[in-house]
């Protein structure tokens, strides 16, 4: 065999090997692209306390590993802290609103609770349990609770305070509902990926308070769906950050910004009108028309109120071709969220069938 033919032979082997490697790389790239496309990014947006973190907890319960005993134990301290935070907020509001305690001993109880550094709370000592129970049963505090729209109080306050005896028992382990109700403001970005039908749903929760929103910007790439939460019960409340601004107006302004962002032109928008249970309670004594004069429906009818609120948000969408998918929700109700998210999942998959090679 001549030198030339040997070189040609070697060269053709090299070419073959090179082609094989190239083909392998191309195949891997196609696989990577396909796999990347099998991940759906869902961005959870909404103002502070609209229920985003609770929604993520529900995804963990419904589609993830849930909460083990050990996980639940990790929430014990937070439940105690939520109770102290709620009672301290009411004690401060008693002064601001000039409401008197009916029982004289509650002045001393209020002083005792006020001086607790909530962030250092890790146990629930008997003297504090007793003081909190006595305070909660005071008609003055009950009047203060009824006027909670005039100050900032967590939605979970009543849930925990009516159950102090159970929470104060030794060996207390938070229930799933206790975990869902714990309020910890979200700072930074929380991602929760879960696998459904061989597709990864990556849910991203960003803090809703104003100071947190500037951190959102880099979450905006490749978003499949925006899931925007509105607290229906906030129509008569003011912002944590600014006590002369209506919370629902703030939520509307944020939604308007989101639906007009060029980033989201190709993202579907799903609107969760959350806290429908709180709206049903509140609408009986706090009239929507007092805060939104354009409401001309019947008073004390939750259905009329929520339909009006839905229309207010849908009307902010400038693109008549873009459908806003909406659901009324109660984020602390696991069965409600299971049902709603099944519908949402079907919507998202239908909208992305071709894009994600799902057909």
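One is the number of the first residue shown, and numbering goes on along the chain from there.
Including glycine, each Cβ sits where the backbone N, Cα and C put it.
Swiss-Prot lists 9 (among others) with the feature S-palmitoyl cysteine, giving similarity to another entry as the kind of evidence.
Sequence annotations record features per position, and here Swiss-Prot assigns S-palmitoyl cysteine to 10 (among others) based on similarity to another entry.
The annotation domain 'G-alpha' is assigned in Swiss-Prot to 38-359.
The list of residues near the region 'G1 motif' (41-54) in space but at least 6 beyond its ends in sequence, with Cβ under 8 angstroms from a Cβ of it, reads 154-155, 180-181, 183-186, 190, 201-209, 212, 216, 219-220, 222-231, 234, 239-241, 247, 250-251, 254, 258, 267, 272, 274-275, 329, 331-332, 348. Marked as region 'G1 motif' by Swiss-Prot on the basis of sequence analysis: 41-54.
Under the heading GTP binding site, Swiss-Prot lists 46-53, 180-183, 274-277, 331. Secondary structure at residue 274 (GTP binding site), taken from DSSP and collapsed to helix, strand or coil, is strand. Cβ contacts within 10 Å of residue 274 (GTP binding site), excluding its own Cβ and spanning all protein chains shown: 27.
The Mg(2+) binding site annotation in Swiss-Prot covers 53, 186 and is backed by similarity to another entry. According to DSSP, residue 186 (Mg(2+) binding site) is assigned to coil rather than to any helix or strand.
Feature annotation from Swiss-Prot assigns region 'G2 motif' to 178-186. Each residue in the region 'G2 motif' (178-186) has a pLDDT score, and their mean in this model is 92.
If you look up Swiss-Prot, you'll see 201-210 marked as region 'G3 motif', on the strength of sequence analysis.
Residues or ranges marked as region 'G4 motif' by Swiss-Prot on the basis of sequence analysis: 270-277. Within its own chain, the region 'G4 motif' (270-277) has Cβ neighbours under 8 Å at 46, 50-51, 55, 155, 225-234, 255, 302, 306, 309-310, 313-314, 324-333, 340, 344, 347-348, counting only residues six or more beyond its boundaries.
Feature annotation from Swiss-Prot assigns region 'G5 motif' to 329-334.
Between the CA atoms of residue 186 (Mg(2+) binding site) and residue 277 (GTP binding site) there is a gap of 23 Å. Residue with the densest Cβ environment among the binding-site residues 49, 277: 49, by other Cβ atoms within 10 Å. By neighbour count, meaning other C-beta atoms within 10 Å, the densest spot among the binding-site residues 53, 186 is 53.
Ranking the binding-site residues 52, 181 by other CB atoms within 10 A of the CB puts 181 at the bottom.
Shown for the region 'G5 motif' (329-334): DSSP residue counts in helix, strand and coil, namely 1 helix, 0 strand, 5 coil.
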